[in-house]
Amino acid sequence: MKTLLLTLVVVTIVCLDLGYTRRCFITPDVRSERCPPGQEVCYTKTWCDGFCGSRGKRVDLGCAATCPTPKKKDIKIICCSKDNCNTFPKWP
(Lines of atoms letter the chains of each structure in order from A and count residues from 1; the text may use other names and numbers.)
(Lines give C-alpha, C1' and ligand atoms only; values in the text may rest on other atoms or scores of the structure.)
Protein backbone atom coordinates (compact mmCIF):
# COMPACT_ATOMS: atom_id res chain seq x y z
CA MET A 1 0.00 0.00 0.00
CA LYS A 2 2.84 2.39 0.86
CA THR A 3 4.50 1.60 -2.46
CA LEU A 4 1.33 2.48 -4.37
CA LEU A 5 0.95 5.75 -2.48
CA LEU A 6 4.59 6.67 -3.07
CA THR A 7 4.23 5.87 -6.77
CA LEU A 8 1.15 8.10 -7.04
CA VAL A 9 2.97 10.98 -5.32
CA VAL A 10 5.96 10.69 -7.67
CA VAL A 11 3.73 10.52 -10.77
CA THR A 12 1.78 13.57 -9.58
CA ILE A 13 4.96 15.59 -9.02
CA VAL A 14 6.33 14.65 -12.45
CA CYS A 15 3.05 15.51 -14.19
CA LEU A 16 2.60 18.84 -12.40
CA ASP A 17 6.26 19.80 -12.95
CA LEU A 18 6.18 21.61 -9.59
CA GLY A 19 4.86 24.83 -11.09
CA TYR A 20 7.72 25.50 -13.50
CA THR A 21 7.40 28.80 -15.33
CA ARG A 22 9.40 30.21 -18.21
CA ARG A 23 12.02 32.92 -17.60
CA CYS A 24 12.17 35.77 -20.12
CA PHE A 25 13.85 39.13 -20.32
CA ILE A 26 11.39 41.91 -19.49
CA THR A 27 11.57 45.62 -20.36
CA PRO A 28 12.01 48.40 -19.36
CA ASP A 29 14.81 47.14 -17.07
CA VAL A 30 15.95 44.29 -19.40
CA ARG A 31 16.18 41.80 -16.56
CA SER A 32 15.27 38.14 -16.42
CA GLU A 33 12.02 37.40 -14.60
CA ARG A 34 9.70 34.43 -14.19
CA CYS A 35 6.68 34.64 -16.47
CA PRO A 36 3.16 34.36 -15.06
CA PRO A 37 1.65 30.86 -15.18
CA GLY A 38 0.42 29.97 -18.67
CA GLN A 39 2.78 32.37 -20.41
CA GLU A 40 5.44 30.10 -21.92
CA VAL A 41 6.53 32.24 -24.90
CA CYS A 42 9.23 34.93 -24.76
CA TYR A 43 9.05 37.71 -27.35
CA THR A 44 11.11 40.59 -28.71
CA LYS A 45 9.09 43.35 -30.38
CA THR A 46 10.84 46.12 -32.35
CA TRP A 47 9.35 49.15 -34.11
CA CYS A 48 10.02 52.75 -35.05
CA ASP A 49 8.29 55.71 -33.47
CA GLY A 50 8.66 59.45 -34.16
CA PHE A 51 12.18 59.44 -32.67
CA CYS A 52 13.52 56.43 -34.61
CA GLY A 53 15.93 58.60 -36.61
CA SER A 54 17.65 59.99 -33.51
CA ARG A 55 17.22 57.23 -30.90
CA GLY A 56 16.82 54.09 -32.99
CA LYS A 57 14.12 51.46 -32.85
CA ARG A 58 11.98 50.89 -29.79
CA VAL A 59 12.29 47.46 -28.16
CA ASP A 60 9.79 45.64 -25.96
CA LEU A 61 10.73 42.32 -24.30
CA GLY A 62 8.29 40.13 -22.42
CA CYS A 63 6.22 36.97 -21.89
CA ALA A 64 3.02 35.84 -23.59
CA ALA A 65 0.72 32.84 -23.75
CA THR A 66 1.07 32.81 -27.56
CA CYS A 67 3.26 34.75 -29.96
CA PRO A 68 1.76 38.26 -30.28
CA THR A 69 0.51 39.31 -33.71
CA PRO A 70 1.84 42.65 -35.00
CA LYS A 71 -0.92 45.25 -35.28
CA LYS A 72 1.03 47.23 -37.89
CA LYS A 73 3.26 46.03 -40.73
CA ASP A 74 6.34 47.92 -39.47
CA ILE A 75 6.30 46.08 -36.12
CA LYS A 76 8.61 43.05 -35.99
CA ILE A 77 7.99 40.35 -33.37
CA ILE A 78 10.29 37.38 -32.76
CA CYS A 79 9.12 34.62 -30.39
CA CYS A 80 10.98 31.76 -28.74
CA SER A 81 10.27 29.21 -26.03
CA LYS A 82 13.46 28.65 -24.04
CA ASP A 83 14.48 30.41 -20.85
CA ASN A 84 15.94 33.89 -21.50
CA CYS A 85 15.95 33.42 -25.27
CA ASN A 86 14.66 36.94 -25.99
CA THR A 87 17.87 38.90 -25.51
CA PHE A 88 18.07 42.58 -26.40
CA PRO A 89 18.79 42.90 -30.15
CA LYS A 90 22.29 43.75 -31.31
CA TRP A 91 22.19 46.57 -33.84
CA PRO A 92 24.69 46.64 -36.73
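Note that Cβ sites are derived from N, Cα and C of the backbone, with glycine treated the same way.
What you are looking at is a predicted structure, and each value in this text was computed from that prediction instead of being measured.
Now, the feature entries from Swiss-Prot:
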- CYS24-CYS42: disulfide bond (DISULFID)
- CYS35-CYS63: disulfide bond (DISULFID)
- CYS48-CYS52: disulfide bond (DISULFID)
- CYS67-CYS79: disulfide bond (DISULFID)
- CYS80-CYS85: disulfide bond (DISULFID)
- 1-21: signal peptide (SIGNAL)
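Feature map: annotations from Swiss-Prot on the structure.
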residue: CYS24; record: disulfide bond; contacts (Cβ under 8 Å, 6+ apart): SER32, GLU33, CYS35, CYS42, TYR43, LEU61, GLY62, CYS63, ASP83, ASN84, CYS85, ASN86
residue: CYS48; record: disulfide bond; contacts (Cβ under 8 Å, 6+ apart): LYS57, ARG58, ASP74
residue: CYS52; record: disulfide bond; contacts (Cβ under 8 Å, 6+ apart): ARG58
residue: CYS67; record: disulfide bond; contacts (Cβ under 8 Å, 6+ apart): VAL41, TYR43, ILE77, CYS79
residue: CYS80; record: disulfide bond; contacts (Cβ under 8 Å, 6+ apart): VAL41, CYS42, TYR43, ASN86
**Prompt:** Counting other CB atoms within 10 A of each CB, which of the disulfide-bonded residues CYS35, CYS42, CYS63, CYS79 comes out lowest?
**Reply:** CYS79
**Request:** Please report the DSSP secondary structure of CYS52 (disulfide bond), reduced to three states.
**Result:** helix
